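Visitor: Have a look at this one.
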């Protein structure tokens with residue numbers, strides 16, 4: 001099939017979003033479009049009504065109508081609104097399957113769920129991070145106003161003989177350099193890792209990253225969720241595995257799915273079974289090949305993939321929350337150490353009083 005496949009068609013051009021819609025309005029926009037389409041409204045009528053509901057985005061809806069008049073797909077306009085390529089691909093695939101309205105509903109629910117989970121995670125991290133920022137500000141205040149006074153009470157002999165005094169004084173004295181050094185180290189580490197990974201194909205990148213202890217499990221869950229979620233859509237529309245692979249390669253909207261389809265196509269041409277290929281790529285959960293193998297009929301397989309993808313998403317969010325709950329005590333421990341260091345600095349005259 002790979003040799004007979006026609007030239008890939010990519011409807012998404014990499015450009016900066018010009019007509020951004022706020023994240024909380026993106027789900028509402030798709031949901032309302034789906035409701036209107038369900039009631040028989042045309043796309044043009046729906047967009048005109050959306051101007052009444054969301055007048056602040058009138059220019060956005062006018063832009064969509066102009067794109068449609070040019071013969072461009074609806075999904076092309078979504079890129080300019082700030083929707084992710086993965087979500088746009090999902091809607092495009094649904095439209096090609098003749099399930100456009102259902103695709104809009106599913107995309108809307110997905111955005112709402114992601115937004116809800118993101119807000120929950122942000123709430124968990126907000127307090128300790130805010131407290132950490134406050135402590136850092138206090139440290140600079142101590143360095144600027146209290147450290148000079150403390151140094152006037154400490155003799156040179158005391159400073160030379162006491163390791164604790166040296167550590168505290170030098171910590172506050174070189175606080176800007178310490179924080180700057182940490183920041184530079186983190187930035188260079190991020191840029192270096194990013195440069196190293198971006199030179200690899202996406203699947204190779206996944207294979208490297210799944211070995212990272214903290215994030216590896218998340219990537220396995222996410223990759224397995226993404227694959228089974230899309231497979232469920234295609235199987236539900238009656239697509240065979242060969243048709244799915246052909247379709248994903250014909251419309252390379254999602255880099256992960258496109259590379260995975262190319263990998264599976266090459267494996268099929270070599271005579272390898274689907275389960276063996278999923279195991280070989282080593283970026284999915286151990287149960288995923290079993291889920292695919294147990295499906296005897298396409299209709300049953302679509303339900304199995306749907307149920308398994310939902311379970312994977314819940315497990316992913318649960319694991320993220322659990323690991324974030326581990327981060328909180330670490331942050332609080334660092335905050336406690338910083339507070340203790342401030343108190344020790346203020347108590348230095350008492351601790352070194354015997355030398356006066």
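Positions of Cβ are set from backbone N, Cα and C atoms, glycine also.
The domain 'Type II secretion system protein GspF' feature in TrEMBL is assigned to 29-148, 229-349. Annotation source TrEMBL lists transmembrane segment at 124-146, 178-198, 330-351.
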Visitor: For the domain 'Type II secretion system protein GspF' (29-148), report the average pLDDT of the model, please.
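Guide: That stretch averages a pLDDT of 88.
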Visitor: List the helix, strand and coil residue totals of the domain 'Type II secretion system protein GspF' (29-148) as derived from DSSP.
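Guide: DSSP classes over the domain 'Type II secretion system protein GspF' (29-148) add up to 104 helix, 0 strand, 16 coil.
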